Amino acid sequence: MNAPKPVVLCILDGWGLSDDKTANAPYLAKTPTFDAIMTKGPHARLITHGPDVGLPSGQMGNSEVGHTNIGAGRVVAMDLGQIDLAIEDGSFFDNAALRDFIARTRAAGGTAHLMGLVSDGGVHGHLNHIIAAAQAITNAGVPVVMHAITDGRDVAPKSAYGFMAELEDRLPKGARIVTVTGRYFALDRDNRWERVQEAYDAMVRGEGRRVSTAHSAIDYAYNQSESDEFITASVLTGYDGMRDGDSLFCLNFRADRAREILRAIGEPGFADFDTGARPALSALLGMVEYSDAHNAYMTTVFPKRDIVNTLGAWVARHGLRQFRLAETEKYPHVTFFLNGGKEEAEPGEDRFMPKSPKVATYDMQPEMSAPEVTDKFVEAIGAGYDLIVTNYANPDMVGHTGDLKAAIKACEAVDQGLSRVIAALEQAGGAMIVTADHGNCEMMIDPETGGPHTAHTLNPVPVALVGGPAGVTLRDGRLSDLAPTVLALMGLPKPPEMTGESLIT
């Protein structure tokens, strides 16, 4: 039997499965196409958290982890666990890059600036890592100031008081908090430079909303109806910015949301907004590598590990053509992360990236750019590609707003797109795996607080096969089983590095 063409992997980002229907956007939405996929064809469930995706037990998955595991076809040990272990066994404190950072700062007579997400969400960073870094640096006699980025997205929307109190309690002598900024500003990833500039001005220039303490920054924000994610850049009394000879250590271990603020601080010739005269920093260090471009002006504590023979690399090695599609919010996931942290496209790999809508939050436009994604998706199905990988961002990005009605609309927008995609797929004679990278919008109300739930979940995600071989079924599995399944549909062997197994039975 001939292999179907194209073979499609469609990722509904943040679309989880839950038996609790109370605030379950996919369940409450009118999704006739998805419902038909899950009732008429082969379907199963995938685990997206904890050791099954290379994370510590109980740690929720996320889009970076999910797409990395999907593309690798094997369980990839993620940075969170590696960093935790290095702190636990003491090797973090002896790391050569960290020691060099300390030596350069001390030689310049500077202050070490730490920047990181202050929560235990474990998606972009972790409070424990901030404390370890502060201890290592202050133990060497170098003063430390902390640029605290509040979360409210991977943890409860108004949990900053507790995390800030823990940070203040655990910071060693010689370290203090000097700015408090919501991640909406400091961790943008969609070229909203006006947001990034607010964070930059506070951290680098010491300009922003003036407050006396970190807690008063949160107080003021809550009085202005700003939840943690949206806290206006606030500068504590006595801080007036970075100086020549100072240094910066970014503690975030996920690349996509750290890139823009680091570019503004360190990239030679940066011109996306007026930074003013930037200080001559003695050192710029990252917990991980953020991109090849960042490597030109930063060092790293944990260099990138090569993931060889990813799905994309293996398909390219067999001389086949592939297409990657997502709007800008999720574009790095179907390219950089799916390709194992590699920026460049594989030979024969084409890409398209519709711009995400320019709105303050995506509950204001829950359809996002799904119509344009679908237009290009349908076009690609008829264009002769062997493999197509598409990500619909809506369930995750709107799920993060905590707005149930908007999340329902987001799911419905995706379902409308799926209807058109399946029609095109049937006409072309292709096959498609529909799945998700983690849960989110199936839990829009926090069961503990009764308030909005904005974080990812530990729930399983769907996996379904459309247009596959007759009579097959799918088994339950994990994300690393998806690439071997795709290769099986394409009639290709899997590379020896892929330890995942095809879901088709």
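Cβ coordinates are placed from backbone N, Cα and C, and glycine is handled just like the others.
Quick look at what Swiss-Prot lists:
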type	residues	note
BINDING	Asp13, Ser63, Asp437, His438	Mn(2+) 2 binding site
ACT_SITE	Ser63	active site, phosphoserine intermediate
BINDING	His124, Arg153, Asp154, Arg183, Arg189, Arg254, Ala255, Asp256, Arg257, Lys330	substrate binding site
BINDING	Asp396, His400, His456	Mn(2+) 1 binding site
Inset, instruction - Could you check which of these binding-site residues, His124, Asp154, Ala255, Asp396, His400, His456, sit within 10 Å of His438 (Mn(2+) 2 binding site), going Cα to Cα? - result: Asp396, His456
Legend entry - Candidate nearest Ala255 (substrate binding site) in space, where candidates are the binding-site residues Asp13, Ser63, Asp396, Asp437, His456 and distance is Cα-Cα: Ser63
Inset, instruction - Using all protein chains in view, find how many other C-beta atoms are within 10 Å of the C-beta of His456 (Mn(2+) 1 binding site). - result: 30
Legend entry - Nearest of the binding-site residues (His124, Asp154, Arg257, Asp396, His456) to Asp13 (Mn(2+) 2 binding site) - Cα to Cα: Asp396
Legend entry - Cβ-centroid neighbours of Mn(2+) 1 site Asp396, His400, His456, 8 Å, sequence order: Asp13, Gly14, Asn62, Ser63, Arg153, Pro395, Met397, Gly399, His438, Asn440, Cys441, Thr454, Ala455
Inset, instruction - List the other residues in this chain whose Cβ sits within 8 Å of the Cβ centroid of the Mn(2+) 2 site residues Asp13, Ser63, Asp437, His438, in sequence order. - result: Ile11, Gly14, Thr48, Gly61, Asn62, Gly66, His67, His333, Asp396, Ala436, Asn440, His456
Legend entry - Sequence-distant neighbours of His400 (Mn(2+) 1 binding site) in its chain (C-beta under 8 A, six or more apart): Gly14, Arg153, Tyr362, Asn440, Thr454, Ala455
Legend entry - Rounded Cα separation (Å) that holds between His124 (substrate binding site) and Asp396 (Mn(2+) 1 binding site): 16
Legend entry - Coarse DSSP state, helix versus strand versus coil, of Asp396 (Mn(2+) 1 binding site): helix
